[in-house]
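Student: Pasting a structure below so you can have a look.
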Amino acid sequence: MRFSAVSRHHRGASIDPMTFSEATTPDALTPDAHTPRLLTCDVLYTGMGGAQSPGGVVVVGETVAAAGHPDELRRQYPHAAEERAGAVIAPPPVNAHTHLDMSAYEFQALPYFQWIPEVVIRGRHLRGVAAAQAGADTLTRLGAGGVGDIVWAPEVMDALLAREDLSGTLYFEVLNPFPDKADEVFAAARTHLERWRRLERPGLRLGLSPHTPFTVSHRLMRLLSDYAAGEGLPLQIHVAEHPTELEMFRTGGGPLWDNRMPALYPHTLAEVIGREPGPDLTPVRYLDELGVLAARPTLVHMVNVTPDDIARVARAGCAVVTCPRSNHHLECGTFDWPAFAAAGVEVALGTDSVASGETLNVREEVTFARQLYPGLDPRVLVRAAVKGGQRVVGGRTPFLRRGETWQEGFRWELSRDL
């Protein structure tokens, strides 16, 4: 099955390379408001059930009249003016994991250990409210169906919570690897969270993000996850992004631990996680046995995992967000999507920051994933970008069904042939 790229060049319309273009036929240039239009595509996802291929939607004026297989729609609406809508017709995709406050960074593809000091640390002065607002503006312009944003600075949370043009979850990020500081750090985080809960409005809601299993002490991790579970706050945790994270939990050392800033960490990993590393210990197993998976956090990346890890995630009912372009650019490995899908784990797509993911456009993430997983049914990718994302960020998936309003944002056209 192939997506095909079709572009539009009528009425002087320009094409934004950051978005998917639309496609029309000459018959569509001057449509009668009461003449049905049959829009066809390679993959149709109506927001219900699974996606189908091929697909089509009949639109009359600005209202959806029917959706289904093109042959059946041609039979039901023989006088409909047919046009190709593009590769995909579906509700807008969700960017389920990103860092909007890094939107002023330049994209750089570098090995993970080079990227952190040369990009993240060197460019830290670029982070802040202005960058986050610019990133949020980009998502709005792209017509994103929702966002899962990791927020580090309180002033960024204040600014983003006030926006009414986005939906999804803003996850307040907390990190501190010293167990003796856990109560103090938790108390400060709780003070912020309780104030922000009073500022929530329809659209963006509040969440919590303990950074990683090795930058948050075992005590703080448990305090945060228990609090989130009790308060109904969604969680996101970065887990198993780089191969050396797995090595670190097995041996207590390796490049990831050795390249840390010593003044910011205890002397040993055992002090951080409250147990000795071991050959069978993984970040996922650690979180599970600590009781954190019981809070059903969304786990981000999950590239370097074992079959037992996948089984634990499935049993706990945790969702996973994969960021294919970022993982590729930082040489982290490839997320085992088929294995997670076989285990019944809900998968969503995110871009990570523009510094590693290049853009905030999830449609481009779908394009890249289609190349990365040639054996994976593209219907799975589309559903993950929509339904999987909405389930992660707590949104409602729009439906393409009879009587619903048609939106041009339902047209997805890939930027290149695959």
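Positions of Cβ are set from backbone N, Cα and C atoms, glycine also.
These figures come from a predicted structure and were not determined experimentally.
Swiss-Prot lists Glu241 with the feature active site, proton donor. Per Swiss-Prot, the feature Zn(2+) binding site maps to His97, His99, His238, Asp352. Among the features that Swiss-Prot reports, substrate binding site is placed at Glu173, His211.
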Student: Sequence order is fine: just name those binding-site residues in His97, His99, Asp352 with a Cα within 10 angstroms of His211 (substrate binding site).
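Tutor: Near His211 (substrate binding site), where near means Cα within 10 Å, there are no binding-site residues at all.
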Student: Neighbour count first, Cβ atoms within 10 Å, every protein chain included; then name which of Glu173, Glu241, Asp352 tops the list of recorded positions.
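Tutor: Per the Cβ count, the most surrounded site is Asp352.
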Student: Counting other Cβ atoms within 10 Å of each Cβ, which of the binding-site residues His97, His99, His211, His238 scores lowest?
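Tutor: Output over binding-site residues His97, His99, His211, His238: least Cβ neighbours within 10 Å is His211.
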Student: Do you know offhand how many angstrom separate Asp352 (Zn(2+) binding site) and Glu241 (active site, proton donor) by C-alpha?
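Tutor: Cα of Asp352 (Zn(2+) binding site) to Cα of Glu241 (active site, proton donor) measures 12 Å after rounding.
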Student: Through the lens of DSSP with three states only, how would you label Asp352 (Zn(2+) binding site)?
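Tutor: It is coil.
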Student: Near the Zn(2+) site, what residues other than His97, His99, His238, Asp352 in the same chain have a C-beta no further than 8 Å from the centroid of the listed C-beta atoms?
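Tutor: Counting only non-site residues, the set is Thr98, Ile150, Val300, His301, Val321, Cys323, Ser326, Gly350, Ser353.
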Student: Could you tell me the C-alpha distance between His97 (Zn(2+) binding site) and Glu173 (substrate binding site) in angstrom, no decimals?
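Tutor: Per the Cα atoms, His97 (Zn(2+) binding site) and Glu173 (substrate binding site) stand 13 Å apart.
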Student: What does the structure give for the C-alpha distance between His99 (Zn(2+) binding site) and Glu241 (active site, proton donor)? Integer Å is fine.
Tutor: 16
